[in-house]
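So that you can see what the record holds, here are the features copied from Swiss-Prot:
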{"type": "DOMAIN", "residues": "251-450", "note": "domain 'GATase cobBQ-type'"}
{"type": "ACT_SITE", "residues": "CYS331", "note": "active site, nucleophile"}
{"type": "ACT_SITE", "residues": "HIS442", "note": "active site"}
Amino acid sequence: MAKLIMVQGTSSNVGKSILVTALCRIFKQDGYKVAPYKSQNMALNAFVTKEGGEIGRAQAVQAEACGIEPSVDMNPILMKPEADSRSQIIVNGKVDRTISAREYYEYAPLLLDTALAALNRLREKNDIVVIEGAGSPAEINLKQREIVNMRIAKEASAPVLLAGDIDRGGVFASLIGTIDLLEPDERYYIKGYLINKFRGDASLLKPAIDVLEDRTSIPVLGIIPYLRNMAIAQEDSVYLDECKGNLGETDLDIAVIRLPRISNYDDFDALATDGASVRFVSKTAEIGNPDLIIIPGTKSTIPDMEYLEQSGLAETIIKKARKGTHVLGVCGGYQILGKMIYDPHKTESETTELKGLGLLDTETTFEKEKATTQISGQVKFDSGLLSGLAGCAVSGYEIHMGRTRLFSAQPAFHITKTPKGPADYLDGASNAEGTVLGTYIHGIFENAAFRRGFLNAIRRHKGIPERQADYFDRDKEYDKLADIVRASIDMEKIYAILNEGIR
């Protein structure tokens with residue numbers, strides 16, 4: 001059975017996911033067969049495994065850092081918020097039910113056996129499993145029924161590293177406060193602290209670290225610097241507030257609409273590696289005059305279309321599109337580009353039909369069954385945003401409940417393969433000029449040749465030189481992350497904790 005180590009945090013967005021990614025890569029570099037695990041994840045960023053199951057995007061990234069194929073066992077329970085108090089519950093990769101927060105509070109303990117069974121399957125196949133917690137283990141209002149922090153640590157006998165974010169301030173208070181709110185038997189599982197996102201001279205922290213260690217009898221095992229320009233997907237939407245927009249010199253300006261229920265926003269990270277500045281905007285005044293407007297995926301298409309209307313963003317997008325600004329919609333954003341959206345089963349809300357932006361001659365109807373599959377195929381259309389790309393290979397994954405019908409709009413992609421075998425269907429749509437494009441393919445910009453051709457089509461339209469981008473190697477990014485974190489933490493002590501386990 002695999003040995004275990006767990007990363008918990010004092011709150012959300014302290015960097016648990018990226019630290020787990022780093023540890024996964026470090027253990028892989030050291031020759032171990034390693035896998036990530038998070039029993040329960042609440043996220044709108046999702047990934048589809050080869051089996052067609054949904055998991056959190058963070059666990060897919062962590063699996064990539066491990067050099068293994070993502071599986072539903074890495075995230076057996078995924079919660080996808082649909083409204084402020086309701087979530088769609090994904091269990092072992094498949095939709096289980098949609099329930100309120102209060103209902104889930106009662107339901108969650110029933111899923112503990114499912115979560116532990118997934119962890120045990122991972123332990124049977126690997127040398128090490130790195131477990132990620134959620135939020136904080138000191139959320140005392142949730143403690144009795146949580147199945148993602150101390151409950152998992154205790155059930156699995158997993159030693160815990162507690163991470164805190166020093167960049168936001170108050171890290172020592174948050175670490176000590178977390179320990180104080182844990183029960184005595186829970187504190188026993190905390191074997192070390194990781195102070196994350198530090199800027200400056202680490203030696204200046206020594207007096208505070210001495211107090212922390214004296215008061216809690218738990219050692220600080222690392223001070224990790226604030227990571228900049230890392231082309232690795234981030235899980236928390238707080239990342240959008242911190243997003244700097246590019247990784248080097250840029251010649252294209254891309255504005256991504258920050259929908260209230262935005263999902264899979266990391267679809268566009270790769271664009272920033274090829275000379276584009278990627279900005280997330282939520283107000284009409286922030287749009288400016290971009291070369292491309294992107295309407296991203298959303299868990300709730302109809303409510304987010306209503307938001308676009310109420311905020312004035314819809315009018316602005318339509319006006320700019322009519323003046324020639326390129327517009328791309330992905331998944332829910334693709335549905336929004338059409339003329340009508342129908343929801344006869346009230347899948348998303350009580351609204352059964354709503355007008356879209358009308359930039360594509362399409363209509364979307366929501367069905368009861370969700371499509372979740374990896375795909376591969378090629379570009380079919382050859383104009384505008386897809387100019388010169390006909391026949392270019394693409395791959396990615398689909399997660400949607402809508403079925404989109406094309407009228408005068410032109411199909412954009414031909415899907416030829418899924419994990420089940422050969423396929424033959426069309427995806428996406430473009431207007432005749434190719435200036436407005438929609439697709440259901442998540443991860444499409446991970447395809448380097450397509451990404452480069454897509455951006456160069458915009459450059460040609462803009463009248464600026466095309467770029468022959470450098471080959472982007474995400475594997476090197478994982479190594480870069482691992483090297484920085486390895487140099488910042490006491491791996492000798494972490495290996496000792498891993499080997500000793502909980503006794």
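In case you wondered, yes, glycine gets a Cβ from its N, Cα and C as well.
Annotation for CYS331 (active site, nucleophile): same-chain Cβ neighbours under 8 Å, separated by at least 6 residues, are SER263, ASN264, PRO296, GLY297, THR298, GLU398, ILE399, HIS400, THR439, TYR440, HIS442. Within 10 Å of the C-beta of HIS442 (active site) we count 27 further C-beta atoms, all protein chains included. In the three-state DSSP scheme, the residue listed as 'active site' is classed as strand. Summarised as a single figure, the pLDDT of the domain 'GATase cobBQ-type' (251-450) averages 96.
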